[in-house]
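Take a look at the structure set out below.
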């Protein structure tokens, strides 16, 4: 009996390598797709590194909002790196085979980084809520210590939540087909090959998704309800338009990310179209990381006005010395002259949406 049980276990665990199918098609189709993925991956890395470098080298961007943005950019670099290079190799026919350990690690990092992104997006929405709805108390409520704690909790929670799921998946047995119908080790495509019961894993995935995805989505939604309510009370039509424009840019990324993630993971069963899952995963792993630097930074009026302010070489009207010190407090920016004890009579007023208005 022991020999028979041992032989059965050996047969069940005989599959230790898997073949990632990727996007089947003609050679020209796969090469074209590999070129598109390579360009988007390059732009994603360069764009997100540029965001980090911009915030790191410019002191006036050392605020909680841009601290969270750096966390998001750093996360996006590793999130897209966890799957895109491997996907390009699959489309070129170079590295379709992946080991069981490699599959577990790829799945763990993709899901952990994805969970962390959900939490950081929720934290960013809460940060904007405090800045817009409580501007005078913002600096005391969202100080550097609290913002660092929020970022740390987001990273730890994202990785710890998926550790439980990865532990359950590592106990699965694979004894049949070894072809994964995806361009990375996606949980639905992979566990579909298991010859053991996967109902517990599907339930665990559903519970974790409810807590991480819908929980962070609820925080984001409630934050934006208060933000929009506050924006609607702004008396200036131009101010409202600018504020809504800023929110719409942020909400675009949030909608793409949460919409696709909820479709993929918040479901009681994994029996969905695997081909459709592949297409939706492209939005999460490639499109969203690419859009991040463009929507959050290049379209941000604070960055544009701040850059113009820093690189301005025009002398101030009252004297011959240049303004070199920038002091940002509450809702005003004051520029100080090099002359000891002398303050420039030039200031910029921040609107509730944290974008710079015309000099006052």
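Placement of Cβ uses the backbone N, Cα and C atoms for every residue, glycine included.
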In TrEMBL, which of 5-25, 173-193, 278-298 is labelled transmembrane segment? 278-298
From the ranges 68-92, 318-342, grab the one TrEMBL calls transmembrane segment. 68-92
